[in-house]
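Q: Pasting a structure here, questions to come.
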Amino acid sequence: MKYKIKTNIFKVTMKFESILEETDGFGRYQIALVLLMYIPRIPIPCHFLLNNFIAAIPSHHCNISSLGSEGIFGNLTREERLTVSIPVQDDGTPASCHMFSYPQFHLLSNSSSPSEVAVVQCQNGWEYDNSTFISTLATQFDLVCEKRGLAKASATIFFVGVMAGAVFFGVLCDKYGRRSMLLVSYVSSIVFSVVSAFSSNYIMFAAFRFLTGFALTGIINISFVLSIEWVDTKHRTFIGVFGSISWSLGNMLLAGFAYLVTDWRMLIITVTSPLLLATAIWWWIPESARWLIANGKAETAYKYLQKCATFNKRRDFTSRVKLEGHSYTYLDLFKTPQLRRLTLFTGIVWYGVASTYYGISLNITSFGLDLYLTHFIYAAIEVPAKILIYFSLNKVGRRITQTGTLVLTGFCILINIITPTEYWTFRTVIAVLGKGLSEASFTTVFLYTTELYPTVMRQNGVGYTSFMARLGASISPLIMLLEDTWKLLPEVIFCTVAIFSGLIAWLLPETNNERLPETIEDIEEMSNIPLKLPICADTTQ
């Protein structure tokens with residue numbers, strides 16, 4: 001039913017989908033908005049997976065330049081100096097972290113290193129292989145040997161920042177709007193990224209990488225929510241999947257950027273530069289009319305809706321709606337039974353999705369292939385996965401897709417756990433398949449979560465789930481360090497988390513082709529968030 005009121009504003013219960021339909025819920029206006037959102041979303045995966053390159057640890061050995069070139073050492077070649085100064089590993093390469101306590105000249109005639117020869121840690125720093133990278137965090141700040149863990153820890157620090165930013169922007173976006181906070185995210189991301197690139201020590205770098213992650217999360221959450229809130233029900237899946245392809249494009253571009261720019265400082269600046277263009281076109285991005293109406297700003301919402309209708313060539317738009325505004329906080333996510341259950345389940349699912357995805361994505365060296373090629377393959381497999389997931393989301397629904405992709409990801413990891421390493425071709429195929437499925441689960445959960453939470457708390461809900469996701473992402477690099485305890489332990493953990501969170505996703509309600517909930521009351525009226533596993537796949541709101 002359409003309400004056409006030309007002058008007066010009345011309180012009505014008209015749902016936003018009805019209003020949006022009058023403006024054309026998927027016209028030129030919405031397409032332009034999604035394209036404008038593409039530019040700032042491309043740098044996001046570059047930053048999220050940047051550690052694969054800026055924190056890479058090249059081959060290295062103790063610096064022996066202090067031995068000088070005078071006296072007996074002056075008659076030795078470089079290789080002979082290494083022979084008498086540094087013990088050899090099992091693979092024949094110089095040891096990375098130790099050197100002989102005094103030169104072993106007898107090794108020039110006898111290449112075997114006796115086990116009783118005393119060795120000490122590197123005394124004068126390290127020499128690095130610069131054939132792949134001109135400079136990385138490891139070479140810049142000597143993050144090797146006993147400091148090796150700090151390189152991986154920089155990824156954890158970044159994701160902790162993302163986690164904190166999810167909470168911060170979730171609160172402020174629901175209070176001050178999507179558009180204004182998006183600009184704050186753009187500007188702060190640029191500033192913090194550039195400052196981190198000019199860090200003079202590791203502590204400074206870690207601090208500004210934390211702040212970079214803090215700022216970038218606003219772009220992720222706001223751009224996705226803003227796109228979905230301007231689109232009608234039947235096109236939400238297309239917009240969700242099409243928008244997520246920007247992640248895959250950015251991910252593939254990262255492999256190219258990293259190949260061409262091998263200095264870690266310049267690489268950070270390179271992947272951040274598109275945000276300058278994003279800031280310039282921010283003026284054309286509209287505020288969410290849903291948010292404006294839900295917060296009692298009907299007049300402003302009406303102006304945006306009129307602009308949308310005009311751009312979409314809908315001349316008969318006259319509907320005007322006024323709703324009571326109310327301020328919500330994260331505590332409201334836990335105050336009512338159905339919303340509390342929804343919050344618990346989505347938090348677990350997001351943790352599992354992110355933990356699994358980054359557990360796979362940040363472990364690209366296990367392929368045994370070229371670093372850049374491996375990253376590109378992992379990124380490229382996401383595109384066909386997203387195309388397939390588009391049809392799955394429409395045909396079988398969100399819940400089955402979310403459960404299926406997570407459980408199958410877990411089984412791919414399990415297969416590689418039990419498959420002997422000599423079958424490397426088969427293991428590689430399964431690993432790529434698992435990566436595609438993990439990305440498909442990420443694409444699904446972004447769209448699914450946006451549809452589950454009501455408009456009045458959507459940004460809070462997305463902020464909370466993003467917090468849980470970044471918790472999983474920040475712990476993933478630390479889980480990978482457990483391979484020193486048992487090589488397969490990280491894979492066992494990721495496998496278990498993927499399957500468990502997939503089963504939890506089965507407890508969520510279906511949202512395919514359902515209108516977006518506007519209020520908490522809409523959520524509480526739903527009787528299909530089950531306490532136990534449902535018998536049927538199809539449910540209604």
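The backbone N, Cα and C atoms fix where each Cβ goes, glycine too.
Just lifted these from TrEMBL, have a look:
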- 102-513: domain 'Major facilitator superfamily (MFS) profile' (DOMAIN)
- 153-173: transmembrane segment (TRANSMEM)
- 180-198: transmembrane segment (TRANSMEM)
- 204-226: transmembrane segment (TRANSMEM)
- 238-260: transmembrane segment (TRANSMEM)
- 266-285: transmembrane segment (TRANSMEM)
- 342-360: transmembrane segment (TRANSMEM)
- 372-393: transmembrane segment (TRANSMEM)
- 400-418: transmembrane segment (TRANSMEM)
- 461-482: transmembrane segment (TRANSMEM)
- 488-508: transmembrane segment (TRANSMEM)
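Tell me about the setting of these features in this model.
A: The list of residues near the transmembrane segment (238-260) in space but at least 6 beyond its ends in sequence, with Cβ under 8 angstroms from a Cβ of it, reads 30, 34, 37-38, 41-46, 49-50, 52-53, 223-224, 227-228, 231, 267, 270-271, 372-373, 375-376, 378-380, 382-383, 386-387, 389-390, 393, 439, 442-443, 446-447, 450.
Long-range neighbours of the transmembrane segment (266-285) within the same chain, counting only residues 6 or more positions beyond its ends whose Cβ lies under 8 Å from a Cβ of the stretch, are 32-33, 36-37, 39-40, 42-43, 46-47, 50, 53-54, 179, 182-183, 186-187, 189-190, 193-194, 196-197, 226, 254, 257-258.
Long-range Cβ contacts of the transmembrane segment (342-360) within its own chain (Cβ-Cβ under 8 Å, at least 6 residues beyond either end) map to 48, 159, 333-334, 378, 402, 406, 409-410, 413, 431, 434-435, 438-439, 441-442, 445, 449, 452-453, 461, 464-466, 468-473, 475-477, 479-480, 490, 493-494, 497-498, 500-502, 504-505, 507-508, 523, 529.
Beyond the ends of the transmembrane segment (372-393), by six or more residues, the same chain brings 45, 49, 52, 237-238, 240-241, 244-245, 247-248, 251-252, 254-256, 258-259, 360-361, 364-365, 400-401, 404-405, 432-433, 435-437, 439-440, 443-444, 447, 512 to within a C-beta distance below 8 angstroms of the stretch.
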Q: Looking at the stretches 153-173, 204-226, 488-508, which one shares the most CB pairs under 8 Å with the transmembrane segment (400-418)?
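A: Per the Cβ count, the answer is 488-508.
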Q: Sort out the residues at least 6 away from either end of the transmembrane segment (461-482), same chain, that have Cβ-Cβ distances under 8 Å to it, and list them.
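A: Cβ under 8 Å, 6 or more out: 48, 51, 149, 152-153, 155-160, 162-163, 166-171, 173, 213, 217, 220-221, 224-225, 330, 333, 343, 346-348, 350-359, 362-363, 445, 449-450, 452-453, 489-490, 493-494, 497.
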Q: Are there residues at least six beyond either end of the transmembrane segment (488-508) with Cβ under 8 Å to its Cβ atoms? List them, or say none.
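A: For the transmembrane segment (488-508), the sequence-distant neighbours (Cβ-Cβ under 8 Å, at least 6 residues beyond its ends) are 342, 345-346, 348-349, 351-353, 355-356, 359-360, 363, 398-399, 402-407, 409-411, 413-414, 416-417, 438, 441, 448, 452, 472, 476, 479-480, 482, 529-530, 533-534.
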